[in-house]
Amino acid sequence: LQSDPSLERNFKGHKDSVTCVDINCNMKQIATGSKDSCVMIWNMKPQMRSYRLAGHKDAVTCVHFSPSGHLVASASRDKTVRLWVPSLKAESTSFRAHIGTVRSVNFSADGQSLVTASDDKTIKVWTVHRQKFLFSLSQHINWVRCAKFSPDGRLIVSSSDDKTVKLWDRNSRECVHSFYEHAGYANHVEFHPSGTCIAAASTDNSVKVWDIRTHKMLQHYPVHSGAVNSLSFHPSGNFLITAANDSTLKIMDLLEGKLLYTLHGHQGPASCVAFSRTGEYFASGGNDDQVTSASRVHPNRIFISRGSPSPSAKNILKQYIFFFPLLFVQTCSVAEVSNTTEWHTVSHPHNPGPSSHNKTAHSQSIRAPSIHQPPPQARASSPEHQAQTQTSDGGVSSALSSTLERIVNQLDILTQTVSILEQRLTLTEDKLKECLENQVDIVQQQQLHSQG
């Protein structure tokens, strides 16, 4: 690292909590979504105007730029997904993706496909062109919080309130493995840039890294004091950043298996964080009470920018942009100060790693692009252990347990039936759309022929 991470800019404009963030590959735009039902496109250059994209009828839960940067996909509680052209015209197309809140949307690396996750317990894959429904994955038994493509597009990873993280084969459409979260569920899950492991941000205040080949847990970071809402791998694969309800961002060194930095400054829960495609910047969003402005902090120097908050500063949401240089590590602490809030970058140069804080937590160095084999004692939880943890200490009768299990199975069957019906309806709508387009073409050809 050339210097400690430092506050570069902040933005205000949303009228409610910022829920999601992504940075365009061109490094000129940042997209955010909010509970105010809007998507904002922020320009990195101060003289360039930002755009408010209105169209969703409820909270925006996820935003993601296409690999080319020419499109932004947004998911919403209104059960739809929108594809936007990030420009002043705010052109968009919308499609009803699920029968429940859409929690996540993600482009494949080739930009040709979308994967969505929903409270209807399903994951769906679509084409970007014409938003054609391809197939559905439906083995989760509770809300699905997140779904992401692997870097090569062959796999999909998903996390759910059923306390599992599932790995899916895109071609066979089968679940190839389930990782079990015993103490909580994963809010967010993401592939390592090498595609050989995944990281999950959990409500048990920790982050876990699993090897998808051996299905073993490589690293466990119980570093937060609140639920972890979001995480992002650095493009090099050497760093991982997290955002949590304890109002902090934390950067882990995956090579050393230790906490590297803690960033303080959000006045409420930090809901989202993302590295830029180049790794030079990262952005975070949350619900803050005050509005501040700060400039870049250079090595061993602190710049202070003072400004008074506006009268409506309460609950104005901001987007924080950081500079993350990548040459050498500097261990001094740097603080960003203003008259309304204080940003602290706390370095942890002698942090012995997560395993020193928790003897059951295992840590191993990750060398991009490959992952070392995990230590023998590192283990992912088994389904049998999951069943044991779900057994009541009060001694629930076997008959009642059996009855509840049958009810759950019937509900799962009902959910799958509804999902199948919705798939058929979607296919019917696609066919109807094609028929209408063909009719329009035929009418136009007849008109041209009659004019000729």
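Each position is counted from 1, following the chain as shown.
Heads up, the Cβ atoms here are built off N, Cα and C, so glycines get one too.
Listed ranges 54-88, 194-228, 404-438; the one TrEMBL annotates as coiled coil is 404-438. When each of 53-84, 95-136, 137-178, 179-220, 221-262 is scored by its Cβ pairs under 8 Å to the repeat 'WD' (11-45), the top-ranked stretch turns out to be 53-84. Summarised by DSSP class, the composition of the repeat 'WD' (137-178) is 0 helix, 24 strand, 18 coil. Cβ atoms under 8 Å from those of the repeat 'WD' (53-84) belong to residues 16, 19-26, 29, 31-41, 90-107, 109-111, 114, 116, 118, 126, 128, 131 of the same chain, restricted to positions at least 6 beyond its ends. Helix, strand and coil counts under DSSP for the repeat 'WD' (179-220) come to 0 helix, 23 strand, 19 coil. Taking H, G and I as helix, E and B as strand and the rest as coil, DSSP gives the repeat 'WD' (221-262) the counts 0 helix, 24 strand, 18 coil.
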